[in-house]
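Encoded as structure tokens, the structure appears first; notes follow it.
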Amino acid sequence: MEKLLIEGGKKLSGKVKISGAKNAAVAILPAAILADHGVCTIDNLPDIEDTNCLEHIIRNLGATVEKLDGAMKIDPTGITSHLALRDEVKRMRASYYLIGALLAKFGKAEVVFPGGCNIGVRPIDQHIKGFEAMGAKVSIEHGVIKAYTENGLKGANVYLDVVSVGATINIMLAATRAEGTTIIENAAKEPHIVDVANFLNSMGANIKGAGTDVIKVKGVTEMVANDYSVIPDQIEAGTFMIAAAATRGDVTLLNVIPKHLESITAKLLEMGISVEEGEDSLRVYTNERPKGINLKTLPYPGFPTDLQQPMSTLLAISEGRSMINESIWEGRFKHIDELKKMGASGKVEGKIAILEGVETLSGTEVEATDLRAGAAMVIAGLVAKGTTRVTNLVHVDRGYEKIEDKFTALGASIRRIEE
Ligand code: EPU
């Protein structure tokens, strides 16, 4: 079993280049199959398990895919199948974007139920509601989501009952080729939604309003492949900001969009940590022990749930009491038990976690119970006294590119071992 072995207690310092956004990339790769002709080169692509998995899935649908350094070339013209039924589809969450993309392309799709992190109930009723409003008949049979139309999709008005990133993107994908206009109300506004819309528009789609809560998609009859560069990863950037603060270091992040990080910057400032914004860089530094704060996760532009877990580690060693309200995923506090194994003090009641800040943590073996829990454990290992072993790295590798190399370059003592 692979583990990350971390000797804690070293202040991080230096520069780190942030990779392309996982949650944009995992939608842009399925979106690329919508091109009727041409080849897309997708650049600034993170080299992580989720994009590697999509590479296989898209290739198995019939596309020609070439992996380059930090990029992928996709020629989707050979895709003739609307079936994504192989086991690898189950390995990740974002494979559900194949339903929207295949429905748009062929008017029909069969996709195995997606997997991903176990962070709470993860229904897809809002995705299905959108596809049905556009005229698809959707059923779930033996773990396969089947969506069929008689004569293609028709534009429709869809009001999302919950603000859902996945449903917003999936409905947007399906609507690109529907007959007429689709209006998505109460849409999610995350930066990756704008990024996917920009990519689709660059291929000839007609999407307006991405980044607001009303998105209008006029269906088009043809889309042509285009080259595209994925935006920087807001969550990876936030993870390094938090790690810099937790080790009381001085780290400059390169290749970031500071605007996307405002909610994190605001919270770090509130804790007494210094953050300086450049045009496409951010410097985070402190010498002091941070102050505890209260935090509530919310859809963008609120504080992202995906950083709640790394932030828990920082709050666990901050001064005084902190309260976290996790409003998106009810099962996203498993990392608190792992932090407690390292000496953190706190309790969880439903959607609320209360942490009483301790001076420091002490190293032991802890588990990455999901992707961002893994990031929380790595940060905990970086600050802890002694040696920390982080297990179950499959989760971490799904979403963080070369995590140990990036931390090593900042002065951490962290390496991957086989045990
Ligand atoms: N929801 C429904 N019905 C739906 C869809 C969602 O009730 O049909 C609920 C969910 O249960 C949840 C809330 O709506 O309470 C938000 O879910 P959303 O659909 O926005 O989440 P997602 O699309 O499944 C993406 C990211 C997650 C991230 C969430 C929220 C991808 C592949 N995943 O998931 O990222 O936590 O948005 O921002 O984009 C991660 O990267 O670690 C990760 C888990």
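For all residues, glycine too, the Cβ spot is worked out from N, Cα and C.
For reference, TrEMBL has these:
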- Cys117: active site, proton donor (ACT_SITE)
- Lys22, Asn23: phosphoenolpyruvate binding site (BINDING)
- Arg93, Arg122, Pro123, Ile124, Asp125, Gln126, Asp306, Ile328: UDP-N-acetyl-alpha-D-glucosamine binding site (BINDING)
- 7-406: domain 'Enolpyruvate transferase' (DOMAIN)
- Cys117: 2-(S-cysteinyl)pyruvic acid O-phosphothioketal (MOD_RES)
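Features recorded in TrEMBL, as mapped to the structure shown.
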residue: Lys22; record: phosphoenolpyruvate binding site; Cβ neighbours (10 Å): 27
residue: Asn23; record: phosphoenolpyruvate binding site; Cβ neighbours (10 Å): 27
residue: Cys117; record: active site, proton donor; Cβ neighbours (10 Å): 21
residue: Arg122; record: UDP-N-acetyl-alpha-D-glucosamine binding site; Cβ neighbours (10 Å): 15
residue: Pro123; record: UDP-N-acetyl-alpha-D-glucosamine binding site; Cβ neighbours (10 Å): 11
residue: Ile124; record: UDP-N-acetyl-alpha-D-glucosamine binding site; Cβ neighbours (10 Å): 20
residue: Asp125; record: UDP-N-acetyl-alpha-D-glucosamine binding site; Cβ neighbours (10 Å): 11
residue: Gln126; record: UDP-N-acetyl-alpha-D-glucosamine binding site; Cβ neighbours (10 Å): 20
residue: Asp306; record: UDP-N-acetyl-alpha-D-glucosamine binding site; Cβ neighbours (10 Å): 26
residue: Ile328; record: UDP-N-acetyl-alpha-D-glucosamine binding site; Cβ neighbours (10 Å): 21
### Message
Whole-number answer please: how many Å between the C-alpha atoms of Asn23 (phosphoenolpyruvate binding site) and Arg93 (UDP-N-acetyl-alpha-D-glucosamine binding site)?
### Response
10
### Maximal Cα-Cα distance (Å) across residues annotated as binding UDP-N-acetyl-alpha-D-glucosamine, namely Arg93, Arg122, Pro123, Ile124, Asp125, Gln126, Asp306, Ile328
22
### Cα-to-Cα gap, Asp306 (UDP-N-acetyl-alpha-D-glucosamine binding site) vs Lys22 (phosphoenolpyruvate binding site), nearest whole Å
12
### Query
If you count Cβ atoms within 10 Å of the Cβ of Arg93 (UDP-N-acetyl-alpha-D-glucosamine binding site), leaving out that atom itself, what do you get?
20
### Query
What does DSSP assign Ile124 (UDP-N-acetyl-alpha-D-glucosamine binding site), in three states?
coil
### Message
Measuring Cα to Cα, how far is Arg93 (UDP-N-acetyl-alpha-D-glucosamine binding site) from Cys117 (active site, proton donor) in Å?
### Response
8
### Task
Average the per-residue pLDDT over the domain 'Enolpyruvate transferase' (7-406) and send me the rounded value.
96
### Task
Using C-alpha atoms only, work out the spacing between Ile328 (UDP-N-acetyl-alpha-D-glucosamine binding site) and Cys117 (active site, proton donor) and round it to an integer in Å.
14
### Task
Round to the nearest Å and give the CA-to-CA distance linking Cys117 (active site, proton donor) with Ile124 (UDP-N-acetyl-alpha-D-glucosamine binding site).
15
